[in-house]
């Protein structure tokens, strides 16, 4: 037997231990049902395998009465284990804990630490105040298990307050117990995993659910050429032969190749309504099933019938593990639904210009054992269009997408829909995203908030408490972006260098609606920048190009071309996006002071460096008019679009932080030990100043 065979056996045994531990430590989740029928999950427990081999398992749950979070770590070592919480995945400024069971005494140890302030400043530093309480610890010949807890907010400037945001959870495994005074984090294995600590997670437990079947849907030999920066590929598939209605209970990604090198950015599986257009040939669908697929959203290559593939049933984005639904909900398939065909859409992002061949897709888990409710997925947010504009050089700039009464009053049932979960989606510039909820002129608690959004880690936000959205309510997807190092405006679009602002909402009961979007009306978008007319194109033509993806050449035979200076340097992929932009083809005729400029050139000359100007533009887009769209499953656009103003409402105010000390966690001068005096002195000084101001006012 070779050394490789022995290593493989060892790894297999370790992974089997980990999976067995996972299966045996899943606590049945209790729940309450309120007067509105919403489910509130309680006593939930999360269990995550932190590495790919099952060497490190992290289990946790929240005790709301104590305002505490409990952890249990099971690690394949008799040495130390490290755990840390970070906003960006770096050791610097991370909130960390080192733990071990003493080999000599059997005593469990948990040490509260923090990362150095600079990446090159050495090992972790011990906190002055220890805020982690060890509860239990033991080890055998191979494994160490430690249980401990901490407050969600500790009021220690060197700890990070935990929240519903996406955290980068650091982990490390060491072969030996730490030597006194040596807090070196660099163990034999270490890594980072993005987690949402406040979200329960549902799983497919093979011991308790019978009759689960799987349906694998993948593309076949899709070639991503070196020259392709962005590719959207669509493939039609047919539903398997089923005996009546079934319920999809969850789905997982099937990714070809090593994950780190994979170019798949996101995937969506859509239902198709095969009889939606008059003149459609039903036999064409079976021909498309046998084909390899084609480029999506192409006027030349994509069949018009594929526009009917609009209702999502599975959504995956970079960093996600997929989703399993709670036990009372399932997405229907087969039976009387009339849906026989589905479309798999895959977005390939290839910034490094590598050639690859892909076979990715979904594994759908379904069962004939129907659940209580039919569930669905709908998309809400900003309609993907170049009328979404993010100026360059911005630390924080917001865009909003509105789903208003034109959809909710018409499509939602009397008792509303109940939101189970949501996946927030933007591209590289996205920094924070929230799904806001407005009813009767008052903003309610946000449904989902992620103030540490990372487009590389787009996990499902599973709600511990389902949210009821009633007819007449507003859903607002609110995104903020950072473009500090960009020199030109960023627009809405399909490339990761362009932007999106979307929420994929999983809910029940299922309704015949696939999407609810808004955008700045086209005419108002141009008038915002004092542009009123283009050569040989009236504004109606321009609106049609934006709203219906019409080809510019259909309207531009007499259009005047602007004189653009040739690019003498190397053309980047961003340059290509700008050159192909519709905004770069529209040449201004009115007003005269801007004539013969392309609209894109006009935007590049605006004073984006002026914060007052940029803030006015941001507020004008947010609080101005919005064109809303309600996409209904049974028709391509059966509810007319509507132009509305941003709703007036009393905004939700986030409760103040319990601890002022957290305001100083990013201070470059903050140090352990003597720095506590500096922190306390500064807080006291601020308090005295505030009291002095109050006295003056009195």
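Cβ coordinates come from backbone N, Cα and C, glycine included.
Same-site candidate for Cu cation B binding, as annotated by Swiss-Prot with 425, 427, chosen from 411, 500: 500. The Cu cation A site recorded in Swiss-Prot includes 265, 266, and the single candidate from 328, 347, 359 that the record places there is 347. Nothing from the recorded positions 265, 266, 347, 425, 427 places its Cα within 10 Å of the Cα belonging to residue 221 (N-linked glycosylation site).
Residue counts for the domain 'DOMON' (54-174) under DSSP, helix first, then strand, then coil, are 0 helix, 63 strand, 58 coil. Its Cβ placed at the centre, residue 465 (N-linked glycosylation site) has 15 other Cβ atoms within 10 Å.
DSSP classifies residue 425 (active site) as strand under the three-state reduction. If you take the CA of residue 501 (disulfide bond) and look 10 A around it, the recorded positions you hit from 265, 309, 347, 403, 425, 427 are 425, 427. Other Cβ atoms within 10 Å of the Cβ of residue 479 (disulfide bond), summed over all protein chains shown, number 28. Within 8 Å of the centroid defined by the CB atoms of 425, 427, 500, the record's Cu cation B site, lie the Cβ atoms of 426, 430, 455, 496, 499, 501, 502, excluding the listed residues themselves. Here the Cβ of residue 272 (disulfide bond) has 23 other Cβ atoms within 10 Å, regardless of which shown protein chain they belong to.
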